[in-house]
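Quick look at what TrEMBL lists:
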- His59, His61, His103, Glu105: Fe cation binding site (BINDING)
- 285-297: compositional bias 'Polar residues' (COMPBIAS)
- 24-121: domain 'Pirin N-terminal' (DOMAIN)
- 180-280: domain 'Pirin C-terminal' (DOMAIN)
- 285-310: region 'Disordered' (REGION)
Amino acid sequence: MTPMSIERILTAQPAADGGGVRLHRLVGPDGMRGLDPFLLFDEFGSDDPDDYIAGFPPHPHRGFETVTYMLAGEMLHEDHLGHTGILSAGDVQWMTAGHGVIHSEMPRQTSGRMHGFQLWINLPARDKLTDPAYRHFSAEAIPVVTRADGVEVRVIAGYFRQGGSVVQGAVRGIVTEPTYLDARLPARTRLEVPIPAGQRALVYGVSGQVQIAGHRIEPRRMAVLGAGELIELQTDDQEAQVLILAGRPLNEPIVQYGPFVMNTRAEIRQAIADYEQGRLIKASNLSASRGSQSNPRSAKDVPSPSPTMM
């Protein structure tokens with residue numbers, strides 16, 4: 001396997017979203033096309049409730065998937081059909097917006113640490129108007145590989161190959177064939193992660209430092225990797241935690257307006273019109289693997305889309 005080199009290193013920038021939640025955000029320097037199929041990556045983390053208490057009130061999505069991964073704290077998901085899911089430490093929420101979803105993510109705490117990530121993954125043109133879906137995976141449902149040297153890998157999506165064994169992630173059946181790994185490396189350890197040929201791969205620093213191809217990746221830095229099939233990571237005299245992402249590029253036009261990601265400007269105009277006229281959602285089509293029913297929300301009950309709502 002050919003080791004991957006680093007094309008560039010991105011730095012997450014301070015931002016605010018939702019009701020004013022403070023976070024750090026990453027998108028490609030040449031727009032979203034530079035990280036295809038990935039559209040956006042946010043890290044939110046604070047011990048100060050003023051930074052997160054406002055949460056992410058009801059807002060729409062169309063045309064892509066969102067992945068929320070919690071490390072600390074609790075967040076409550078609710079959508080326009082009343083499906084609910086409580087995200088706790090280690091839990092993952094994988095939501096396919098498809099034709100349209102209106103949902104909220106609000107903190108379930110008024111003090112303590114809140115820490116998590118949200119990733120946007122594009123959908124191909126043929127699936128942008130598919131039926132929405134919501135899946136919740138508890139921490140216990142995520143496979144964990146622990147090596148004798150203390151290296152630990154949580155396999156959220158995709159495959160992790162170690163020696164002669166292959167571990168498949170909890171999230172399956174995603175069209176872009178993504179890999180999503182949470183890797184924790186003790187000091188002075190190495191980790192090799194095979195990646196399917198032709199996929200776009202990213203490594204995001206959560207804590208500590210790792211070296212990739214002679215470059216140090218620190219917290220809130222993302223390594224955008226070049227061609228190859230193998231990510232080689234190693235630590236020096238301190239432990240580190242990284243998120244490893246990979247996915248199959250779609251190589252399709254991308255046009256975004258806030259929470260709508262389509263292929264043409266005409267499709268974006270249609271999404272806005274559908275939202276404003278109450279046609280964005282299809283009340284009978286949203287499926288959830290966990291939740292309860294309550295009264296649906298109307299599009300009239302939520303604010304107009306902003307450029308960057310989660």
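Just so you know, glycine gets a Cβ as well, placed from its N, Cα and C.
In TrEMBL, annotation is done automatically, which means it is predicted and not curated.
Keep in mind it's a predicted model, so treat the numbers as computed, not measured.
With DSSP classes pooled into helix, strand and coil, the tally for the domain 'Pirin N-terminal' (24-121) is 7 helix, 59 strand, 32 coil. The helix, strand and coil residue counts that DSSP assigns across the domain 'Pirin C-terminal' (180-280) are 12 helix, 50 strand, 39 coil.
Summarising the environment of His59 (Fe cation binding site), the number of other Cβ atoms within 10 Å of its Cβ, over all protein chains shown, is 22. Neighbour count (other Cβ atoms within 10 Å of the Cβ, all protein chains): 27 for His103 (Fe cation binding site).
Cβ contacts within 10 Å of Glu105 (Fe cation binding site), excluding its own Cβ and spanning all protein chains shown: 24. Per-residue pLDDT, averaged over the domain 'Pirin N-terminal' (24-121), rounds to 90.
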